[in-house]
Amino acid sequence: MANNLAVLRALDTAHTQWYHFNAIVIAGMGFFTDAYDLFCITAITKLLGRLYYNDGNGAPGKLPPRVNNAITGMALIGTLMGQLVFGYLGDKLGRKRVYGLTLILMATCAICSGLSFGSTAKSVVTTLCFFRFWLGFGIGGDYPLSATIMSEYANKKTRGSFIAAVFAMQGVGIIFAGLVSMTLSRLFLWWYQHDPLDKPPTFIAQPEADFLWRIVLMLGALPALLTFYWRMKMPETGRYTALVEGNAKKAAIDMGQVLDIELEEEQEKVAQFKAANEYKIFSSAFWDKHGRHLIGTMSTWFLLDIAFYSQNLTQKDMFPAMGLIRPAPRMTALEEVFLTSRAMLLVALLGTFPGYWFTVFLIEKLGRFKIQLIGFFMMSVFMFAVALKYKELKDPNNHEGWLFAILYGMTFFFANFGPNSTTFVLPAELFPTRVRSTCHALSAAAGKAGALVGAFGVQSFTLDQNTTKIRGALFFMAFTNMLGFCCTFLVTETKGLSLEEIS
């Protein structure tokens, strides 16, 4: 019946036009901010250790493992909570009504994260963790809302590419996290290059370095603030207005303005469809039709994020093995930030970023299912290869650091030309309009639960540079990817079908 509604027929068959790209940019800038805020912390955690945890023993200061895990993990806990809350509200109150709130929360908490009141280690870390939790809460809301809005705006021929393009802005955010940290640390090095404090035997980082990490965090507020006005101008999606609110007139007017055509109201058809689709997410009707799909999207996202976030959060600990940065005692605090950021940028440019855009361009040709299978399998292969030969690859006498970097970079490539993109796309397509945002939120929250396994579990094995522990972590991630490969068979292909045909 839904396919007979003029407003949905118009959305499904609309030619690609300016409003599609406008929606990609508006929704995508949220993901740019998300990635910048979540991953810029990788570049500065070692600086925080030098600044606040130097015990004067003649070695560079280091964050205790529990503190390091708390700083990186609190944002992920907040993201998980935000996904569940905003995902539910997106179905209950409407996508647009809560969409701007996520940006306000992200911008405010990014600024407050950089302020992190106090000068002692305890006060700085406590306030930083507090504000990064709420920053994550706002970021969490962006996942289900952006994916759902883009899927409900798009036409059926290019819907997968458009949703993947929104998510690909995460790759741009990761690049900017490295680029901003690298540029600012280079400027600070130029301004404060002769400070004798950051040399043996004390290794106390120069006081000016305290401003660096604060500025890096606070700049995360800019893209959110710049996007807020345009996000507020977007109309509610026609699918939500028609199929959930049952307001045919408003749906026809809103989507008519977006598509620049005149649409028929069809209030009677809308009322019939709304009445036939009143079932809730915990009803037997939902689980009979979509239970397997929900288990599939939740399990694959959970297993992916164990490896994906472990990779991103622990890459700073892998860089010495790749020969991309020097051992900590041979560089100053600012040099460590500069070289870590440069290595982050290199891995993102060569591995992470291309993977996202391969998905954008090929998802409508290969399909979601095939890309996800290929990605999980290849990630597992490359991680297993790195784990198997880790000791030899990290040996500086073998001069194979670049081979390590290539193999490790390929795991990032196939994460993004693979399940990191498709696990975001599929939950936005597989489920009915009434519960689409909630189902996407549940899937994404399962992913963040996997990310927490990475942040609090896997990351602990890489902090002290122990070869045996790092190999164990890599073997574990290869295993979770193969489980993800198996769980992919719980979902189904959605290429070329309208949202109503799928659900």
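Note that Cβ sites are derived from N, Cα and C of the backbone, with glycine treated the same way.
The transmembrane segment annotation in TrEMBL covers 21-44 (among others). When Cβ-Cβ distances below 8 Å are used as the criterion, the transmembrane segment (21-44) is approached by residues 71-72, 75-76, 79, 102-103, 106, 110, 132, 135-136, 139, 142-143, 146, 149-150, 153-154, 162, 165-174, 176-178, 180-182, 212-213, 216-217, 219-220, 223-224, 226-227, 230-231, 234, 312-313, 315-316, 337, 340-341, 344 of the same chain, each at least six residues removed from its ends.
Positions annotated as domain 'Major facilitator superfamily (MFS) profile' by TrEMBL: 23-496.
Residues or ranges marked as transmembrane segment in TrEMBL: 70-89 (among others).
Panel annotation: around the transmembrane segment (98-117), residues 30, 33-34, 37, 82, 86, 89-90, 123-124, 127-128, 131-132, 134-135, 137-139, 141-142, 145, 149, 213-221, 224-225, 227-228, 231-232, 234 of the same chain, lying at least six beyond its termini, place a Cβ under 8 Å from a Cβ of the stretch. What TrEMBL records for 98-117 (among others) is transmembrane segment.
Summarising the annotation, TrEMBL assigns transmembrane segment to 123-141 (among others). Long-range contacts of the transmembrane segment (123-141) within its own chain (CB-CB distance under 8 A, at least 6 residues past either end) are made by residues 33-34, 37-38, 41, 48, 52, 67, 70-71, 74-87, 98, 101-106, 109-110, 112-113, 115-117, 220, 444-445, 448.
The annotation transmembrane segment is assigned in TrEMBL to 162-191 (among others).
Look at TrEMBL and you will find 211-230 (among others) tagged as transmembrane segment.
What TrEMBL records for 343-363 (among others) is transmembrane segment.
Residues or ranges marked as transmembrane segment by TrEMBL: 369-390 (among others).
Long-range Cβ contacts of the transmembrane segment (402-421) within its own chain (Cβ-Cβ under 8 Å, at least 6 residues beyond either end) map to 164, 167-168, 171, 300-301, 304, 307-308, 311, 315, 318, 321-324, 346-348, 350-356, 358-359, 362-363, 371-372, 374-376, 378-379, 382-383, 385-386, 393-394, 484, 488. For 402-421 (among others), the entry in TrEMBL reads transmembrane segment.
If you look up TrEMBL, you'll see 441-461 (among others) marked as transmembrane segment.
Here TrEMBL flags 473-491 (among others) as transmembrane segment.
When the stretches 70-89, 162-191, 369-390, 441-461, 473-491 are ranked by Cβ pairs under 8 Å to the transmembrane segment (343-363), first place goes to 162-191. Counted over residue pairs 6 or more apart, the CB atoms of the transmembrane segment (70-89) and the transmembrane segment (473-491) come under 8 Å in fewer than three pairs, which marks the two as apart. The transmembrane segment (473-491) makes contact with the transmembrane segment (369-390): 3 or more of their CB pairs lie within 8 A, with pairs spaced 6 or more apart in sequence. Among residues of the same chain six or more beyond the transmembrane segment (441-461), those with a C-beta under 8 A of the stretch's C-beta atoms are 65, 68-69, 72-73, 76-77, 79-80, 83-84, 86-88, 90, 140, 143-144, 294, 297-299, 301-310, 313-314, 423-424, 426-427, 469-470, 472-473, 476-477, 480. Mean model confidence of the domain 'Major facilitator superfamily (MFS) profile' (23-496) amounts to 86 (pLDDT, 0 to 100 scale).
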